[in-house]
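Features reported for this protein in Swiss-Prot:
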MOTIF     11-21  motif ''HIGH' region'
BINDING   C143, C146, C156, C159  Zn(2+) binding site
MOTIF     333-337  motif ''KMSKS' region'
BINDING   K336  ATP binding site
Amino acid sequence: MAKYVVGSAWPYVQTVPHLGNMIGSVLSADVYARYLRLRGHEVVFVSGSDMHGTPIEVEAIQLGVDPADYALKMHQIVAELFRRWDISFDLYTHTHSETHIKFVQEFFARVYENGFIFTRDDEVPYCPRDKIYLPDRFVIGKCPYCGYERARGDQCENCGRLLDPKQLIEPRCAVCGSKPEWRVTRHWYLDLRRLEDRIRKYVEGNPHLPLNAKEMSLAMLKEGMRPRAITRDNKWGIPAPFPGAEGKTIYVWFEAVLGYISAVVEYFKKLGREEEWKRFWLDQETKVVFFVGKDNVPFHVIILPALLMASGENYVMPTTTASTEYLLYEGDKFSKSRRWGIWIDEALHLLPTDYWRFVLVYIRPENRDTSFTWQTALEVINKVLNDDVGNYANRVLSFIKSRMGGAVPPPGKPSPEDEEFISKVAQLFQKAEAHYDAIELKEAVHTVVEIAREGNKYLNARAPWELAKKDAEAANAVLYRAFWSLKYLAAGLAPVVPRSAETLWAMMGISTPLTWEEAKKPPTPGAQLGEVKPLFRKITEQDVKVLLAKLEELRAQKYSRKYPWEQVLL
């Protein structure tokens with residue numbers, strides 16, 4: 001049994017996540033964490049709301065509300081939505097917690113004492129109209145690399161490059177749109193140049209990093225590491241702990257990535273085992289796995305490892321950062337301003353949670369950008385989830401219920417075809433296990449579905465309803481192995497569709513908990529089945545039209561309200 005820290009990217013809570021955010025980080029991390037638990041590993045799965053920084057502050061200024069109140073309201077809503085999506089966090093916290101603030105300040109004080117932080121006077125944008133400095137998302141302009149017109153002062157969301165405001169072409173204030181002036185102010189910098197060789201060694205020598213994360217990180221390293229300012233002049237954030245830094249806050253991305261550690265500290269503190277976090281983060285045998293969209297790669301693959309190195313503590317380096325490509329909606333990027341896409345609160349009003357979870361993992365953008373379309377969703381729900389998986393389970397269990405008195409049949413005397421079938425199922429399960437281990441979640445679920453497809457072919461070929469008329473023992477042998485294959489199917493699908501897997505397990509009447517190893521064990525003959533009912537139902541094109549009409553009605557209600565926390569559908 002191994003120890004794992006699993007973390008999903010911390011969402012900004014100026015709004016709720018959309019489907020792309022979910023599959024890029026939170027849902028993928030949940031699937032992996034659930035899989036690890038099924039295998040019997042010790043897992044701490046954490047994340048939290050990114051409460052600080054310019055997105056919240058800009059929005060709060062525009063709405064005339066206190067950023068702390070705004071962020072806390074949105075945090076509570078997002079946490080509830082994740083619960084409804086069956087995200088199995090051990091702790092979902094936020095960056096304004098006492099534990100996180102204390103941890104961050106003490107951490108950066110050590111980095112400062114170790115000599116990795118220096119000061120420099122810089123010209124920074126200032127808005128004379130709003131009388132505020134314009135760090136990060138307070139200033140927008142054209143990206144010098146890709147030409148994107150609304151690049152932010154810290155990063156271009158189009159090409160993913162890290163930026164500073166001086167690189168922007170035609171910068172403007174994000175609050176009022178006016179042209180900024182430049183003023184001199186002092187900031188504290190992390191000297192990444194001194195850590196560059198160690199970071200390069202970490203990236204180049206990491207066999208677990210996905211290709212997009214490794215290529216993006218090596219490209220940045222090839223350009224050379226520049227010192228990065230870790231303080232800001234905005235008020236909403238964690239006060240910087242450095243001498244002379246009064247009135248400065250820690251740049252949100254530098255403090256948010258430390259949340260993966262502070263959340264584990266907080267988790268064990270809540271359990272009354274305050275020192276146990278060290279058993280995870282200070283043990284080199286622990287595996288640390290992050291799940292992020294590709295725009296978050298630099299902060300997880302370069303910045304966080306650099307901070308851990310600069311701390312001088314014996315922190316375990318992240319094992320991998322599982323990064324996806326982008327999920328599009330009907331061929332285009334998600335856009336809140338254009339209301340293009342589906343947000344996770346809306347999704348829950350349209351289809352059951354397991355349907356969303358299955359479709360998103362089934363089309364997960366692991367190697368290239370992928371588009372969610374309603375046509376694809378229809379095909380996956382109807383042909384894969386209902387016809388392949390649900391139909392197979394129903395065929396096996398209904399036959400046992402109606403023809404065998406609802407009891408698991410004896411194993412009988414298997415034919416070569418029977419032995420070949422259950423052997424193939426075991427091989428598919430092992431293949432799915434390898435995909436889960438490699439965090440190839442899309443391939444894992446596709447492989448598990450093959451168990452159901454093989455099962456349907458097996459039933460058609462062996463026809464136990466005909467065998468039962470002339471050779472009861474042969475029919476028993478078929479149904480016993482078909483039933484056994486459902487154990488494999490339930491376990492393989494459990495990380496993705498936990499509710500449906502538990503329902504299937506209950507219908508099978510199995511009293512032992514659903515685990516990966518339990519699936520491999522032969523069923524107990526004579527065990528009574530539970531209530532058998534269809535696992536899924538089909539969705540028609542007319543259903544989709546009705547759902548989309550309903551979505552427009554829901555949005556009319558949402559956007560008639562003023563405040564973001566009032567616009568969420570609960």
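The backbone N, Cα and C atoms fix where each Cβ goes, glycine too.
On the backbone, the CA of C159 (Zn(2+) binding site) and the CA of K336 (ATP binding site) stand 19 Å apart. Counting only residues at least six positions away in the same chain, the Cβ atoms of C156, N158, C159, R161 sit under 8 Å from the Cβ of C146 (Zn(2+) binding site).
Fewest other C-beta atoms within 10 angstroms, among the binding-site residues C143, C156, C159, are seen around C159.
Shown in sequence order, T15, H18 are the residues of the chain, 6+ apart in sequence, with a C-beta less than 8 angstroms from the C-beta of the residue listed as 'ATP binding site'. The Zn(2+) site, placed at the center of the C-beta atoms of C143, C146, C156, C159, has further neighbours from the same chain whose C-beta lies within 8 angstroms: P144, Y145, G147, Y148, A151, E157, N158, G160, R161. Within the model, the motif ''HIGH' region' (11-21) carries an average pLDDT of 93. With DSSP classes pooled into helix, strand and coil, the tally for the motif ''HIGH' region' (11-21) is 3 helix, 2 strand, 6 coil.
DSSP classifies C156 (Zn(2+) binding site) as coil under the three-state reduction.
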